[in-house]
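What Swiss-Prot records for this protein:
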type     : residues                               : note
ACT_SITE : Cys457                                 : active site, cysteine persulfide intermediate
BINDING  : Leu183, Ile184, Lys265, Gly287, Gln296 : ATP binding site
DISULFID : Cys344-Cys457                          : disulfide bond
DOMAIN   : 61-165                                 : domain 'THUMP'
DOMAIN   : 405-483                                : domain 'Rhodanese'
Amino acid sequence: MKFIIKLFPEITIKSQSVRLRFIKILTSNIRNILKHCDESVAVVRHWDHIEVRAGDEQHRPLVADALTLIPGIHHILAVEERPWQDMHDIYLQTLVMYRDRLVGKSFCVRVKRRGTHDFTSQDVERYVGGGLNQNVDNTRVKLTHPDETVLLEIDNDRLLLITERLEGLGGFPIGTQEDVLSLISGGFDSGVSSYMLMRRGCRVNYCFFNLGGAAHEIGVRQVAHHLWRRFGQSHKVRFVSLDFAPVVNEILAKVEDGQMGIVLKRMMVRAASAIAERYGIQALVTGEALGQVSSQTLTNLRLIDNASDTLILRPLISHDKEHIITLAHQIGTEEYAKTMPEYCGVISKSPTVRAVKSRIEQEEGQFDFAVLETAVAQAQVVDIRELVAEEGNAPVAEVETTAELGSGDVVLDIRSQDEQEGCPLTLANVAVQTLPFYKLGSHFGELDQSKLYLLYCDRGVMSRLQALYLREQGFQNVKVYRP
């Protein structure tokens, strides 16, 4: 089994020293990943391509699939390597391999050569193509947009019969650019933006601001691990988790409603910048897209940037949501993102779209920055390779979901204030109380603990996460209400 790896074109136009460094890094990345598929694999680099050889034919599908997910590869050619004697011998070997595939179809022959020969690539194309056209039933030559393209490579005295061409991921090999820290929430945007920087050659570490307890963190860890396992497994990265619930509570208590969203984002940037500085990471990555939500206007993004000197990269800045969701589907994070609730955008009822710097600084002047410093100091840092084993050993937490209401039960509407006011929840003969999810941690203990509380939200996702969080805190009198 042999594969020929073709380099991403932008690599080939680099200077000699840079190109050689990129090829060395890509070769190392391929070795690191393929050793999990086949320990016998051999990876050999050349100036314009990389060869991959593996002894066990059973591992061919695994190796091929893994190669398509490694940044820096333009395409992969699965080949059969054979000796050849003359041009007619090349034709005969090609006929045996392609005869059945070409019956009733149009085709063309494309040849590449390396070495010194007494014929040109075009000579081989004409000779082999003419022979196939005469000896394969009901076929015809078509040089543009044929049904089948017969790909051949002649490498000195070896004939490479290309059995399959697989498209690669493109981009630069991971490790050719510097490290970044992705602010990951588990939603569509942050997952796609992380992938885009991995594809561009960055080793992507992950920073998660936990507002929803352990259940929320597990979901985000799954997204981060999926991205790493699928596209970045060649390198070790960190997953950093910060408990940001105290920071949110401080904002809710000290900051005016319309400024809360911007202040929260600025606090996240400050915290992430401190983490990046600790580990020598050069830039932050966010999934913000221009105008998608109120905090993502140019005025507000500029104010968010001003919170830190650390470079903030926004690869999705000009992308629309439909395109982002399409990319999430392609990279496999869509299913995770569908069930991930949005936290940051619901703490403010009337967020400003044109924040004023002096006003933001005035609001932040009332904020106790010791709370933020504590969150950074207590950040949990995990090697992403340990996440699966750690989650596999953790007990699976569950909480009961019900549509039935008892006479003494209380339905607790945990939606944000504007959602509650826009669509109030009214139930006959059942008490309904309101307590936004971001206040549950600090206010649930003040409620009458002799009663059973059924947590409600529109989709049932946020209510389940919050019920699990309350269970972790020792409250057993909670269920999820799904009418």
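Even glycines carry a Cβ here, placed using N, Cα and C.
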CB within-chain contacts under 8 A for Leu183 (ATP binding site), separation at least 6: Ser190, Cys207, Phe209, Met268, Ala272, Leu284, Val285, Thr286, Gly287
Ile184 (ATP binding site) versus Cys457 (active site, cysteine persulfide intermediate) - Cα distance in angstrom: 23
Mean predicted confidence [pLDDT] for the domain 'THUMP' (61-165): 93
Coarse DSSP state, helix versus strand versus coil, of the residue listed as 'active site, cysteine persulfide intermediate': coil
Residues satisfying Cβ distance under 8 Å from Gln296 (ATP binding site), sequence separation of at least 6: Glu288, Ala289, Leu290
Counts of helix, strand and coil residues, the domain 'THUMP' (61-165), according to DSSP: 38 helix, 38 strand, 29 coil
Which of Ile184, Cys457, the listed recorded positions, has fewest other Cβ atoms within 10 Å: Cys457
In three-state DSSP terms, the structure that Leu183 (ATP binding site) belongs to: strand
